[in-house]
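Asker: From TrEMBL, here are the annotated features:
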- 29-83: domain 'P-type ATPase N-terminal' (DOMAIN)
- 56-74: transmembrane segment (TRANSMEM)
- 113-260: domain 'P-type ATPase A' (DOMAIN)
- 282-305: transmembrane segment (TRANSMEM)
- 336-355: transmembrane segment (TRANSMEM)
- 401: active site, 4-aspartylphosphate intermediate (ACT_SITE)
- 831-1078: domain 'P-type ATPase C-terminal' (DOMAIN)
- 894-914: transmembrane segment (TRANSMEM)
- 944-966: transmembrane segment (TRANSMEM)
- 978-1000: transmembrane segment (TRANSMEM)
- 1012-1035: transmembrane segment (TRANSMEM)
- 1055-1075: transmembrane segment (TRANSMEM)
């Protein structure tokens, strides 16, 4: 562990260039990390023990390890190989996968650690490996290079001491950010000059927050007092960022290696587990009980059987002296363990590795989906967590952000209002660019437009085109900003004749309506923060006048201005919000020199603080931004994203409740909710906002009244006797709820003397009865609180959060499934999400198609694994009743070992990756199909018991069918008698063919891969049986299977028995399929015609497959038959699995290969 890592509070002192600053001042040398990055989990030495320890923490692996040890220690009927080999296979495959992933991490680490960097030592440029950088080294970085560690920016090739940086690899933001060198070191732009710097840096210990940094630099000069300057995030260049459009910079390393902000952000998110895993664990408990019951029954029956002396000690098998003297309880215990070992294959250890492979390989299909590829950003969907694929098919609640998620976050200036007078752009610029609705005084107009040109953080970039939030300015210039609102406002001011020309040497240049250039000295920027919800600048005019301009949300500006100025502007703001526009208010105040001196002193003191700097700055800003004068307001349009309304309608139709959680004001958010059809015209809205609750001291009483009124109204409209209808809220009159942040705080944190402490319960009941909920004026933490509240309700509904900004990260991490939009507010959301998509509209296909299919596949996979293992072990259990409970295995050890590894593993894996019981287009166009699998429908106890009874029925058929066949033990013309190994082999052959053909019956979407693995697995079994029994194996003690299989297949009776018993086993399943499809046809007739076929295997089983109808073929036409087919296996895989672009129909299509 690196020094300081265990305790990140306090500060660190860094000597710039390791140069002692004073002979009198003593500094205690601190130890810091080196600059090595270690993202790998294992080393060569600890890989084996650490990986094995992690794997055996899984209950199934540990169980099989115990069974294996019992087989080694106790004299058990089966070889330790039978359980050891499958366990070894699972452990090895997992270890190879994890080892390979870690090797890739090692390789990536080495590329970074061994890369060359330049360090300034003794006024010379020295080349070093990145991992050898130490805290305090002065590093030179050139254009387009990545910063090797976190640096304090000292000087650059630009005379104004600025540089441009992109942080795409950190937060995904592709726009250029401007960073500033320390004011007193900007001139030190040569090797000799920078090496002569004597300074110390005091800063906080490493923190993971990318956007916060607190420090100060003390610069020492001979015979002068040290100069102290504050350091903030604008002076810190982060590891992983890239230098752009600046020839070179010098910086001093303050955080290195695993203490850099980038490395601290690598720490993993809490592991999310899907509901399917919980079902698997529940089913495992049931099968473990079945296993224990079987072992107990057999052990008891053995001693009942042996109570007869003739059975206990027949004349041909007398007991040894040791056996006679053995302690009976110990003997019973070892017999119990032996039976456990004999039946242990009922627990499917290989299921875990198959589920992992299915999730891992299946996640690629989301990334490959061309319909989820966005041409604008040249990116498709991204899977960060493959463990939750099936959870996408179980979502009940969708929590979505508004700005940038439902809307484009691409702002367009619409209109403004100055002193209550409206200014709007006309349709034709030829007739006159502006339409005026009454006019304010000329000086007020100019003051307002100057405020728009000065109160922002927009930069101007000359020359090259820049990615990110840009707007063209003249020929080769672009506006650059991290906020699209600011660009829209600056461009809006330009339409009215005031153009922002850029910042030069702390002077902002503005071209006015007379084409004159005005210069304003920028003294301070009071940055925007989500708590204040406003930003300000303090500037000095050429004449020496001091002005403060402020812009922000109306709720944050109105309390800070003269109250008599509000009314005329408020009417415009409210109307614009009702129209769905984003509104900002603009205010100003004039400062005297004395006031400014006081402000300057307060700001500098707050900036120099190392402890609680943000709180101190916030307090100072709060005092400065007081007693202002309101000038006007702006309206900016943020258009709805393409197909946002259709997507929300589809989610509603699929039975999901959609909640919008936004920081925007209520009127704007409400208008957006109507536009995207979250609220319908017939939706009755219930409001719990400051407007309805009020500001008075009785607001808690009023809140209580409203909660009880709404609760009563909803209970009357939602009677309890719904008959358990799934998602019954869809059947009723629609209600919508609107709540704001302050009211939510009142509900979640009622005052101590509050008369009612059950606000939260009543509020939750109201929310759950509403079709849609809008939460406005939400802080990021409140968004997460809402998700947590719904997540923890009765039944634990599956929640999904989707957002695009850093303020959405908390709710994305809180929900069961987190979706990030690759938007314009950076990539923090997509980096912290489980899945990332380019647009909100892609959520429709992700849930309704991908989620639906993933859930159906994995549910079938889990049930099938338990079913085939019950079929496998039940005959072994029944055999004990006919062999005196002697623990005699029914199957050969090779068959026991290979059953789950080779003979039955690949068909179910292919099915779980490629199956489409309903085609993609139907799933996407008919959202109600999503409800059929909701509430974990396919992994409830009812389907589980169906599969269990099916497995028990088939196991009985296998055993007693062959037992009946063996009533005449001479099955050949020559009178040769078949033995117990032939009996077991016939049962095993029927078993393998039946469970494989059962899967073929279940397959609705046939590809060449399905054909290959299903028929290939059966062919491999036959080949292996001939091969295993056709050669004398020198390393085997017994050759009991020698020519058993070859002799078995020479008997006509055996062939007839195998075919007949396979048919009898599958007959109930075939009848069920026929019955279901006849009933479906009766329901659908005459609206549509269904003529889909069962797999070809039904013909082999004697069923007229043309009469069996599977699925309603929708939208099948020329388009479905005219598309080309792939010509290579790779393209065949892509186009035949569920996610190609062309329509796929629910027929049993065959691959042309």
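If you go along the chain as it appears here, the first residue is 1 and each next one adds 1.
Note that Cβ sites are derived from N, Cα and C of the backbone, with glycine treated the same way.
Automatic prediction, not curation, is the source of TrEMBL annotations.
How about a rundown of where these features are and what they're close to?
Answerer: With DSSP states grouped into helix (H, G, I), strand (E, B) and coil, the domain 'P-type ATPase N-terminal' (29-83) comes out at 27 helix, 0 strand, 28 coil.
Using a Cβ-Cβ cut-off under 8 Å and counting only residues 6 or more beyond its ends in the same chain, the transmembrane segment (56-74) has close neighbours at 80, 82-84, 86-87, 90-91, 281, 284, 334, 337-338, 340-341, 344, 347, 349, 351-352.
With a cut-off of 8 Å between Cβ atoms, the residues of this chain six or more beyond the transmembrane segment (282-305) that come close are 59-60, 311, 332, 335-336, 339-340, 343-344, 346-347, 862, 866, 869-870, 873, 877, 880-881, 884-886, 944, 948.
Taking Cβ pairs closer than 8 Å, the transmembrane segment (336-355) reaches residues 58, 60-61, 63-64, 67, 70-71, 74-78, 82-83, 86-87, 89-90, 93-94, 280, 284, 287-288, 290-292, 294-296, 298-299, 858, 861-862, 865-866, 869-870, 872-873, 876-877, 880, 887, 889, 896, 899-901, 905, 908-909, 912 in its own chain, all 6 or more past its ends.
A C-beta separation below 8 Å, combined with a sequence spacing of at least six in one chain, links residue 401 (active site, 4-aspartylphosphate intermediate) to 660, 661, 662, 802, 803, 804, 805, 807, 808.
Summarised as a single figure, the pLDDT of the domain 'P-type ATPase C-terminal' (831-1078) averages 87.
Same-chain residues lying 6+ beyond the ends of the transmembrane segment (894-914) with a Cβ under 8 Å from its Cβ atoms: 78, 81-82, 85-86, 89, 345, 348-350, 354, 357-358, 361-362, 365, 857-858, 860-861, 864-865, 868-869, 872, 984-985, 988, 992, 995-996, 999-1000, 1002-1003, 1005, 1007, 1009-1010, 1013-1014, 1016-1017, 1020-1021, 1024, 1028, 1041, 1136-1138.
Here the transmembrane segment (944-966) has Cβ contacts under 8 Å with residues 283, 286, 863-864, 866-875, 878-879, 882, 978, 983, 986-987, 990-991, 994, 1053-1054, 1057, 1060-1061, 1064-1065, 1068-1069 of the same chain, all six or more residues outside its ends.
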Asker: By a Cβ-Cβ criterion of under 8 Å, what residues six or more beyond either terminus of the transmembrane segment (1012-1035) are in contact with it?
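Answerer: The answer is 892, 894, 898, 902-904, 906-907, 909-910, 985, 989, 992-993, 996, 999-1000, 1003, 1041-1046.
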